[in-house]
Amino acid sequence: MSGPQIAAATSASLVGAIILLLVVFLITKFCRKKKLQKNDPSILPVKTSSSDGTPPKISSKSEGSATEAEPIERFLDEVLRDRPVRFTPQQLIAFTENYSVKLGSGGFGEVYKGQFPGGMHIAVKVLKASMDKRAEEQFVAEVGTIGRTCHINLVRLYGFCFDKALKALLYEFMENGSLDHYIFDEQNRLEWPKLHEIAIGTAKGIQYLHDDCHQKIVHYDIKPANVLLSRDLIPKVADFGLAKLCERDSDSYNNMTLNAARGTPGYAAPELWKPFPVTHKCDVYSFGMLLFEVLGRRKNLDPKQSESKEWFPRWVWEKIEKGDMESILSLSGIAEEDRERGERMCKVALWCVQYEAEARPSMSSVVRMLEGEVEIDPPLNPFLYLTQSEVLVNSDQWTGTATNDLTWTGTATNDLTSKGTSKDQW
C-alpha cells in the first residue's frame, strides 16, 4: 500500500472513530436526560365532577383527545420497567368511551371496561377514596408498591390517575370474570380438578403478597369475588393493596385506621372485629372460608339448607370429627380418584379458620399442604369459641355493627395452647 493510500486509510479510521465516539456521547446524554425526566405528566383539569363519587364525564368524546399526547410507546416502556403510568382524567374518559361499560362495583369503587389506543383491554377502577392534594405523594408511593408486584396469580396494575375529582387504577382485563360465578352459578360450574388448580393458584398469589413483595401486602378482603380468572382460567387475586391505599384520611395520611368496615362479613377473621392484633393471618382465615365455598359450591351460610347444613364450615367440621369424609365428597361432587386432594382441602380449610391467628398456617404452608408436599395434622375445632352472634357476623347476611352485639366465650389463647397446638409449626 502506497503512502497516500495509508494516509487515506488512517484518516478514514480517525473519522470513523470520532463519529463513533460522538454517537456514544449522544446516546449517553439522551439516556441520562430520559432518566432525569419526571415519570408523571402534569394532570389536566377535569371538565365536570359529580358529588356521588362517580367518574366525571364530558359531552363530546373529542375532548378526550389528550390521549394522543401520551404515546403508547411510553406506556409500554414504563410497564416493562414495572412502573405504573400516570394518566389524566381526560385520557380515562377516552379509554372507557365516557365510562360506557360498567363491569361491576365493590367496596372500593366502580369498575369500567376500557381499551388502550393499541387495542389492549383494561379494567378501570374508580376509587371512592377522598384525598386532597397533600396525599398525592403517599398515594403515588403506594401505587408504586402495588405496581412492583408481578406474579402470574396477581392482577397486573398498568397505571393510575390522581386528580382532585378522580382517583382511579387501571388493571389488566380478566375475560372470565370472578370465581364466585363459577362456584355459585350452577350453569357455569367448573369440574373439581380445575377448582383445585384455581385454589392452589389463589394461595400462591396470596403467598407472594405476604412473603415475596418488596413490602409485605395484607389483602384484608380475600373472597371469591376478588379472585379473577383469565382467558385460560388462571386465577389472579385482585384488589390487593387497596385497603391501605383507600383507608387513609387526608388529615392523617400516615396513620392507618382499622374499622369495622374492613373485610367482608362471611370471610373476615375474628381479629378484624374484635380487639385482637391484626396480622397477615387474617388473609389466611379468609382464604379458608373461600376453600369451604369451593368445596361446597355454595355460600357458607345458606338459610335454605337444613339446620345442620345451614353453616357449611361447621357441618364440614362435624363430618371430619366423625370420620365421615364420604358425606363431604358426595355433597361436593368429588370423584373417588380425587378423594385425597378433597380431604386435604377440607383439613387445610379447617386449619386456616382457626379462631386464634397464631394457630393458622402461613400461606406458604397452605400451598405445600394443598399440593401434597407435607402431611397435615388432624385439625382442632375452630368453632369451639364461636357464639351464635359470631356466626351471624361471619356471614354475608350480617347487617349489624360487628363490635357491639358480640359475646366471646373462653380464652382462645390459653385453651388452644393447652390442647397441644404448636404455634411454631407454621
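Backbone N, Cα and C define each Cβ position, glycine as well.
What TrEMBL lists as transmembrane segment is 6-28.
Under the heading region 'Disordered', TrEMBL lists 42-69.
The compositional bias 'Polar residues' annotation in TrEMBL covers 47-65.
Computed over the domain 'Protein kinase' (97-384), the whole-number mean pLDDT of the model equals 89. Annotation source TrEMBL lists domain 'Protein kinase' at 97-384.
Sequence annotations record features per position, and here TrEMBL assigns ATP binding site to Lys125. Under the DSSP three-state reduction, Lys125 (ATP binding site) is assigned to strand. The Cβ of Lys125 (ATP binding site) lies under 8 Å from the Cβ of Phe108, Gly109, Glu110, Val111, Ala168, Leu169, Leu170, Tyr171, each on the same chain and at least six residues away in sequence.
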